[in-house]
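Per TrEMBL, the features are:
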COMPBIAS  1-15  compositional bias 'Polar residues'
REGION    1-36  region 'Disordered'
BINDING   H143, R144, K159, K166, K167, E168  substrate binding site
Amino acid sequence: MSSSDISSSCFNQETKLPLSPPLVEDSAFEPPGKDINEVEEKSKDIIKFTSEQLSVDEVSQLVISPFCGAISLFVGTTRNNFEGKKVISLEYEAYLPMAENEVRKICSDIRKKWPVKHIAVFHRLGLVPVSEASIIIAVSSAHRTASLEAVSYAIDTLKAKVPIWKKEMYEESSSWKRNKECFWATND
């Protein structure tokens with residue numbers, strides 16, 4: 001079959017769509033006797049530090065809610081240059097007990113400032129090659145303004161307060177750096 005036969009056959013088939021979706025018994029979102037607006041979904045804060053490659057799809061799926069019309073994401077990736085030097089990878093280290101505690105505080109602050117449903121903060125540790133994600137932050141809310149502002153606040157505050165260090169591997173050398181905004185890390 002030629003490519004023109006394939007494409008024309010796709011358009012000549014009649015497709016019938018159901019007028020309404022089939023009923024699903026015992027649905028998790030519609031318990032018997034309750035309207036969907038009466039069912040409350042518990043808000044979640046999902047925090048993960050991992051050496052595994054991060055997935056935007058996985059993180060965004062974690063914050064989906066039928067009560068939300070917006071999911072905002074920030075994805076930080078390793079770029080191939082810094083101050084005129086060719087970067088080949090980054091390496092991240094964190095003091096995990098304190099880092100996790102600080103991220104929980106950020107989530108709590110977000111919930112005090114904006115009406116959001118779910119928050120996910122995933123940060124990669126170890127080597128992160130060029131173009132791969134080192135951090136993914138996802139926030140869901142009923143409307144876009146809350147989730148957009150919450151994501152912006154989350155990354156800015158994380159960079160300022162969370163004990164994460166990165167080592168930039170350049171083509172010719174390497175250098176450890178703390179987050180520029182993280183004042184607790186050193187006394188300079």
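A Cβ is built for glycine as well, from the same backbone N, Cα and C atoms used for every other residue.
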(Q) By the count of other Cβ atoms within 10 Å, pick out the sparsest of the binding-site residues R144, K166. (A) R144
**Q.** For H143 (substrate binding site), nearby residues of its own chain (Cβ under 8 Å, 6 or more apart in sequence)
**A.** G69, A70
**Q.** Cβ neighbour count (within 10 Å, all chains shown) around K159 (substrate binding site)
**A.** 15
Q: Have a look around K167 (substrate binding site) and count the other CB atoms within 10 A of its CB, chains all included.
A: 14
